[in-house]
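In TrEMBL this protein carries:
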REGION    B:1-21  region 'Disordered'
TRANSMEM  B:41-60  transmembrane segment
TRANSMEM  B:66-86  transmembrane segment
TRANSMEM  B:106-127  transmembrane segment
TRANSMEM  B:133-150  transmembrane segment
TRANSMEM  B:162-183  transmembrane segment
TRANSMEM  B:189-209  transmembrane segment
TRANSMEM  B:235-252  transmembrane segment
TRANSMEM  B:258-278  transmembrane segment
TRANSMEM  B:299-317  transmembrane segment
Amino acid sequence: MSFRTEHEIHRRRFGRNLGVGLTLVAFIAIVFGLTVVKVTNVGPIQGFDHVVRPELMPAEEGGN
Amino acid sequence: MSDATINHGGTGPRNAASVPAGPGVKEAGFGDYVALLKPRVMSLVVFTALVGLLVAPVGVHPFVGMSAILFIALGAGASGALNMWWDADIDAVMKRTQGRPVPAGLVEPGEALAVGLALSGIAVVMLALASNLLAAGLLAFTIFFYAVVYSMWLKRSTPQNIVIGGAAGAFPPMIGWAVATGGVGIESLLMFAIIFMWTPPHFWALALFMKEDYHKAGVPMLTVTHGRPATRTHILVYTVLLVPFAIGAGFTSIGGPVYLALSAMLNLGFLIGAWRIWRRDEAMAEADGYRVEKQVFRFSLYYLFLHFAAFLVEAALRSPAGGV
């Protein structure tokens, strides 16, 4: 049983809502992707405070 | 759009079925909001910013680069929405712009303003997080320059509007370069200069054969304020001034023999076109339906695209995989 007649305006509003929804999903994906890239490419940091830990640097060979 | 256009409840005098359907319905779809962002301008911004990013001597992670280009494009789109909000009155007068969402009544001016401001903030903050503060600062300045300096101030007050306003369109390759390098170099300044100097002859050629539109809207285009012979002279002068920047870029780290050969041919073609426009008068132009002006306008589009494409070719040849 149909409660409401489907109308052109409903179709446009649905399209608009779908567009906004997909845009938000894409935005979340981009922020997540950027976070992964930044965290994995930033070098010798520890995850809990993002502070550089010299002790995590590879030991220098030789030297004087 | 407005909720007044439809009655959701069944108790009111109008239900959904009673609202007239078809082209007369003033209800914006998602595409109308996308149109606020001037997608065609965005495509040029994406291309030039991408070139600025790819020809830079420093590489960036592909995902960071892609995100940065997206946010640069979003910032450009936001400034387009702000422009449509401010210029709704003259857009409604000009045939070329009458179908835009605000003058067409699909999007309310306040909505265009809100979309423009919100997207500007998102684009600048996200570009800062994705790349660096210089790139984000340049993007913020570009939006400010296009929306405030060009749209609100220069466009209606001086016939030099195109000259100075052209800077807004010239920033994207500089921003792309800044995303990669974190700085500004002679190369990015020359890419800026090429677009900056190219813009006036490109738009004045358009203004010569779209004269009624600008005249009706009262926009002080050079054709209206100084006359058409003066505009023809300006096209030639700016084209001559453009040449050293375009050729000069070929002698920097982003240029090379392929770029120089192509640039020499394109600049010769543009100069000949500008010379032909300068030699003509209105009677000659009217007689053949502005054939030369239209040719030069079309050529100018290829001129810019091919210059930036040549930068990409040179970058590909320099890369370890593309070299010999």
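Keep in mind that glycine also has a Cβ here, set from the backbone N, Cα and C atoms.
Note: TrEMBL annotation is automatic and uncurated.
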Criterion met for the transmembrane segment (B:162-183) and the transmembrane segment (B:133-150) (at least three Cβ pairs under 8 Å): yes
Cβ contacts the transmembrane segment (B:133-150)/the transmembrane segment (B:299-317), at least three under 8 Å, sequence gap 6 or more: no
Contact set, same chain, for the transmembrane segment (B:299-317): CB under 8 Å, 6 or more residues outside the stretch: 47-48, 51, 54-55, 173, 191, 194-195, 198, 201-202, 205, 246, 249, 254-256, 258-259, 262-263, 266, 269-270, 273, 323
Residue numbers, six or more beyond the limits of the transmembrane segment (B:106-127), whose CB comes under 8 Å of its CB atoms: 1-2, 26-28, 32-33, 36-37, 67-68, 71-72, 74-75, 77-82, 84-85, 88, 135-136, 139-140, 143, 147, 175, 179
